[in-house]
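Remarks on the structure that follows.
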Amino acid sequence: MADARSTPESLPPAFLEFLQENGLDPMMYSMADTIPRYIRLKPGMEPQIPEIQSELKCHLNKVSWLPDFYAIPPQVQIASSKAYQQGKIYGIDAASGAAVLALDVQPGEHVLDLCAAPGAKLCMLADMLGDRGSLTGVDVAKHRLAACRTMLQKYSLGDHCRLFVADGTSFSILPVNSSLGSGEGSTCLKDNGSTLSEWTSKRSWKDRQKSKKARTAGSPHLTSTSEPELIYYGKHSGLVGLCKCDALRPSADDEAQTSGYDKVLVDAECTHDGSIKHIQKFEFWGWKTLDRRVLDAERTDDLLHLQLHLLTNGFKLLKTGGSLVYSTCSLTVAQNENVVQQFLCKHSSADYLVCLSSLKLSKFNRSALMTFWDFFCKHAELQKIDSADSWPCRSGSIFKTLRFDPATSQTSGLFVAKFTKLQI
C-alpha cells in the first residue's frame, strides 16, 4: 500500500498546476497525519465514552468549539467498531459540522438538505430538529441517497424525514402542508389506491423492475427533466395518509415565500481539493481519474454552473425570513466567493438599490416597475454567523463568509456562506 502522506513531489504536474492557478499551497497535502479524524457522538451517549475509548483504543478529545464532536488520531478506523455499528458514533469532519451548526436549526422547523449524500450532515440536522418539524433530503444519485436512508434508520433519526431522488437545481417540492395531511384540499381521491401508507423497505414488483431497468441503462443519476422519486418517508414526516400526487406536487412560483423551508443547506458538489483525505484516494484510484474528475476544464465549468444553480434553487425554496447555508470543500475562489458574488448580483439588496437609483421616479413605466419588483422579490442578504466567533477559521474575501483550511483549522478545507431571505 502506498504511503498515506502525499507530498508536492508525489502530486501529478497537472494537479500542481491547478493548485498554482488557484493560489493554493501544495504543502497542505503532506499534513494528513497531523489532522485529526473527527467523530460525532449521538446525544445521550456521553456516559458510554469510556467504553467507546476502550473499544477504539484511543482517547476521545472533546472539540471545545463544536458540541458533541470529538477528535481521534487520523489512523483510527471506526467502521468495524461496535460503537459505529450500533449507531453511537459516526464520522463527520468538524468543518462540515460547523456548516450544519451555522444553520441554527430549531425544533419544529422545516429543513431542506439539497445535496444530502452521503448522509452525516443529514443525521446531524435530524438530531438538531428533534421530534418536531420535518427534514427533506435530496440527492441526484439514488444509490448515494439510499445510503442516507440506511444512516437515518441506523441512528433512529428518520421519523420526521423524507428523501427524494431529484435534481437539486430543479427540485420544487415544499414542506408538507398540514391541511393536505388531514385530507383537506387534496387534489386526488383517496379511494383510488394512491394514498401513501406507512413506509416499508419491501418494494413492489413494479418498483423492482423499474430499478432493474435503471441499472441496465447504466445511469445512476436522474436527468434534469426526471420526476422526483420518493424513496423514504418517516411515520411522522407528514406523508402517511397523503395522496401521492399531493406529496409530489411541485410548488407554484411564489408559494415558497410563505410556505417554503425555514432552513436550507446547500453543501454543493465541488472539486474536493480542500479534503486531503479525498485527494489521497486518487493515489489508489489513479491520478488519471483525478484528471477526469477534478482537472478537466469542461467538468470544472459544469461544476461552477451547477453550484450557482443549486444555490439559486435552494434560495428559491426558502421562505421569507429563512436562512440558507452554502458550503463547498473546495479552497478555490472560483467555486466559493465567485459563486456567492454571482448569486448576489442577481438577488442582493445592493442590486436592488442600484436598480432603484437608476429609475427616474417621475417617469415610471410598466417595464421599470416590473424590473423593480423582480429585484425586490429576490432580496437576499449575507448573514453573520454568530456562533463562528469561537471557530478556528478565518474570513473569506467577501465579508461574513468563512474559510476553514487544514493548516490553521486542523480540519478539512471548507467554505461557508450564510444568506437570509428578507421580508418583501
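In case you wondered, yes, glycine gets a Cβ from its N, Cα and C as well.
Just so you know, TrEMBL annotations are computer predictions that nobody has curated.
Feature annotations, courtesy of TrEMBL:
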ACT_SITE  C329  active site, nucleophile
BINDING   D139, D167, D267  S-adenosyl-L-methionine binding site
DOMAIN    1-422  domain 'SAM-dependent MTase RsmB/NOP-type'
REGION    200-224  region 'Disordered'
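Binding residues for S-adenosyl-L-methionine (D139, D167, D267) extend across at most 14 Å, taking the greatest CA-CA distance.
Neighbour counts were taken at the CB atom with a 10 A radius for the recorded positions D139, D167, C329; the maximum falls on D139. The S-adenosyl-L-methionine site, placed at the center of the C-beta atoms of D139, D167, D267, has further neighbours from the same chain whose C-beta lies within 8 angstroms: L114, C115, A116, A117, V138, V140, A166, G168, E269, L310. Sequence-distant neighbours of D267 (S-adenosyl-L-methionine binding site) (same chain, 6+ residues apart, CB-CB distance under 8 A): S96, A99, D113, C115, K121, V325, S327, T328. Recorded residues C329 (active site, nucleophile) and D139 (S-adenosyl-L-methionine binding site) have their alpha carbons 17 Å apart, per Cα-Cα distance. Along the domain 'SAM-dependent MTase RsmB/NOP-type' (1-422), the predicted structure has mean pLDDT 85.
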